[in-house]
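Take a look at the structure set out below.
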C-alpha cells in the first residue's frame with residue numbers, strides 16, 4: 001500500500017443495514033481528522049466453511065429471526081473505536097492487529113469478524129480518499145492494472161437456490177476476450193441466450209442468491225449441457241472463447257463419508273472419478289471445493305487426478321486462512337485459493353494470504369458472498385492484487401452487477417495501461 005505522513009482517525013461508527021437477502025449486516029464508517037472518510041459494508045455467506053472467522057449475530061428471536069447485528073455494531077462503537085481513535089489511518093497493519101488483539105480469540109468471536117472487517121475496510125477507503133486515489137491504486141500501487149476474468153455464476157444450485165441441483169455454481173469464463181469489457185459483454189449475451197434456452201424447455205425459473213437461474217434439472221450434467229448450448233447459440237466457441245467452471249461445494253452433500261448427488265451415495269474415489277469424467281467431457285477449467293473441507297487425504301487424490309489439468313480451488317478447505325493454506329501447500333492439495341474477506345476478517349490478513357498463495361504458485365480467486373451489498377471493494381481488490389480472477393455472481397441483481405460496473409470503470413480509467421488477465425498469463429493456468 002502507498003504511504004503518506006500521518007493522518008489520524010477522528011471518528012468511527014457503525015450501523016445495521018440489510019444485505020441482498022434481506023438480512024442484517026454491518027456498515028462501518030471511518031472519519032479522518034482532515035474530513036476524508038470511508039464507508040464499508042460487510043457481506044455474509046450461505047454455504048460457509050466450518051473454519052471461517054466468526055460472524056457475530058444477536059440471536060434475539062424477536063428481531064430479524066435472531067440474525068440482527070446490533071451487538072457487533074455496539075462493539076464497533078464501544079470497543080473498537082476507543083482503541084483506534086488517534087491512530088494513523090495509513091498504518092493498516094497496525095490497525096488490524098489492534099483489533100485482533102482487542103478481540104483476543106482465535107476466530108474473532110468476541111468482537112465479531114463482521115465488526116472488525118467493516119472497520120478494516122472503511123479505514124483503507126478513508127486512507128485512499130485522503131490521497132485522492134482509487135482504492136485499487138492505494139492497495140496495489142503502480143502495478144494495479146490487471147483486470148480479472150469474471151467467473152459468472154449463471155446457473156445456481158445447492159445452498160444458493162431452492163431447487164434439486166446438487167452442485168452450487170455453474171459458471172462461464174470469457175477467457176478468449178481481448179478485454180474485461182468485451183468479456184463482460186460475452187457473458188451477458190450468453191446469460192440472455194440461456195434464458196431463452198430455459199424458456200424453450202419450460203425450465204425458466206426465478207434466480208438464486210447470486211443471480212443465476214435456478215431450474216430443477218435431471219442431473220448436474222444437464223446444467224453443463226445447457227451452458228454449452230447457450231454458448232454455442234450465442235455464436236461463441238466453448239472452451240476456446242468461453243470456458244466452464246463449477247463450485248461443487250461438496251461439503252454440503254457429504255454425509256457419513258459418502259458424497260450424495262444425483263439421488264444416490266458415492267464413495268470419495270467414485271466422486272473423484274466422476275469429476276474427472278466431467279472434465280474429460282466438457283471444457284471445464286476450474287472446480288471449486290471438489291471434496292469435503294476436512295477430507296484432506298481424498299483432496300490429495302483429487303489433486304493428483306486433476307491438478308495438472310485444471311484449476312482446483314479451495315474455499316471451505318482454506319477459508320482464506322494462511323495456516324490452512326500452508327497445510328494444503330505442504331500436502332500438495334489443490335492449486336488455487338478462493339479469497340473471501342469475511343472468512344478471515346481483516347484486509348491485512350487477506351493480503352497476506354494472497355501473497356502466500358502467489359509465492360507458492362497457487363492462483364487466487366477474489367470472491368463475493370451469497371449475501372452481498374452494493375459495496376464494490378472486491379473489484380478493487382482483484383485489480384490491486386493482480387489476482388486475475390473474480391467471482392461475483394451472474395449478470396443479474398444489482399449487488400452483483402455493481403462489482404462488474406466498478407471493473408468497467410476501472411478499465412476505462414486505466415486506459416491503455418489496462419491489461420486483461422488471460423492475455424498476460426494471469427488467472428487460470430489451463
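For all residues, glycine too, the Cβ spot is worked out from N, Cα and C.
The (2R)-2-phosphoglycerate binding site annotation in Swiss-Prot covers 168, 340, 369, 370, 391 and rests on sequence analysis. Under DSSP, residue 391 ((2R)-2-phosphoglycerate binding site) is assigned to a strand (E or B) in the three-state scheme.
Positions annotated as active site, proton donor by Swiss-Prot, on the basis of sequence analysis: 210.
According to DSSP, residue 247 (Mg(2+) binding site) sits within a strand segment. Sequence-distant neighbours of residue 247 (Mg(2+) binding site) (same chain, 6+ residues apart, CB-CB distance under 8 A): 153, 167, 168, 169, 171, 287, 288, 289, 313, 315. Per Swiss-Prot, Mg(2+) binding site is recorded for 247, 288, 315, and the stated evidence type is sequence analysis.
Look at Swiss-Prot and you will find 340 tagged as active site, proton acceptor, backed by sequence analysis. Taken residue by residue with DSSP, residue 340 ((2R)-2-phosphoglycerate binding site) is part of neither helix nor strand, so it is coil.
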Length of the line joining the Cα atoms of residue 210 (active site, proton donor) and residue 391 ((2R)-2-phosphoglycerate binding site), in Å:
10
For the binding-site residues 340, 369, 391, the one whose C-beta sees the most other C-beta atoms within 10 angstroms
391
Where among the binding-site residues 168, 370 do you find the Cβ with the fewest other Cβ atoms within 10 Å?
370
Of all the Cα pairs drawn from 168, 340, 369, 370, 391, the residues the record ties to (2R)-2-phosphoglycerate, which distance is largest, in Å?
17
